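Asks: A single structure is presented below for examination.
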Amino acid sequence: QSSELMEKPQAREKPHKCLECGKGFSQSSHLKEHQVIHTGEKPYKCGECGRSFRRNSNLISHLKVHTGEQPYTCWECGKSFRWSSTLKEHQMRHTGERPYECPECGKRFLRSSRLLLHQQIHKEERPFCCPNCGKDFKQNSTLLLKWRLHTREKPHECPECGKSFMRCSNSIPGDWRSRQSSELVEKPQAREKPHKCLECGKGFSCSSSLIRHQRIHTEEQPQECGECEKSFWWSSDLRKHQ
């Protein structure tokens with residue numbers, strides 16, 4: 001066996017330890033570069049626009065924004081890119097590769113960000129609509145509580161003092177339980193959802209809900225990171241990324 005003939009190379013020692021988190025590094029320069037994560041220091045400043053970076057490599061990458069340099073070229077169509085990661089993603093369009101799969105429905109995506117946006121479709125499903133205020137809920141039990149807020153109904157009565165509550169859990173604990181809510185109040189019917197998404201067919205009771213939902217399908221991501229060219233839907237997500 002090869003294990004008998006050749007000794008496996010030993011893992012490189014990492015004597016330089018970060019006092020903040022305990023992570024080890026083989027070189028002191030790597031430790032120094034790592035420590036700015038904890039201090040928040042950004043010592044590398046762009047002379048063109050004044051933007052600062054934690055690492056020199058990030059500054060060098062950023063400078064391509066000003067120089068217009070696009071050294072990474074697609075062999076399939078000749079299109080050039082600033083970053084190798086962008087080229088790699090672009091080449092998947094030619095091969096048809098979609099590495100990110102939704103565990104809920106199996107739909108596949110080119111970008112992880114697209115998958116995250118798509119997954120909001122599953123998360124936002126709220127089939128139970130309050131006919132009084134139009135608010136949608138994920139569970140019928142939550143809708144029923146909302147309905148009682150409108151009607152001020154308190155069907156759960158304490159056998160000790162006679163006080164009434166909207167929730168059974170608010171009454172006196174013990175063996176006694178109120179009758180099921182279905183016996184006390186007729187559940188409101190789900191509201192019609194005439195506003196249909198042309199992309200996936202999902203219906204909404206309010207046009208504003210449809211408009212909010214349709215943003216999930218849009219390809220527009222106007223917030224672009226100047227450091228890595230990654231795009232985001234919201235400016236708040238871009239700030240978190242940076």
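Numbers here mean position along the shown chain, with the first residue as 1.
Placement of Cβ uses the backbone N, Cα and C atoms for every residue, glycine included.
Annotations in TrEMBL come from automatic prediction, not curation.
This is the feature table in TrEMBL:
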{"type": "DOMAIN", "residues": "16-43", "note": "domain 'C2H2-type'"}
{"type": "DOMAIN", "residues": "44-71", "note": "domain 'C2H2-type'"}
{"type": "DOMAIN", "residues": "72-99", "note": "domain 'C2H2-type'"}
{"type": "DOMAIN", "residues": "100-127", "note": "domain 'C2H2-type'"}
{"type": "DOMAIN", "residues": "128-155", "note": "domain 'C2H2-type'"}
{"type": "DOMAIN", "residues": "195-222", "note": "domain 'C2H2-type'"}
{"type": "DOMAIN", "residues": "223-242", "note": "domain 'C2H2-type'"}
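Mind mapping these onto the model and telling me what they sit next to?
Replies: With a cut-off of 8 Å between Cβ atoms, the residues of this chain six or more beyond the domain 'C2H2-type' (16-43) that come close are 52-55.
Secondary structure of the domain 'C2H2-type' (72-99), assigned with DSSP and counted as helix (H, G, I), strand (E, B) and coil, comes to 12 helix, 4 strand, 12 coil.
When pLDDT values are averaged over the domain 'C2H2-type' (100-127), the model yields 78.
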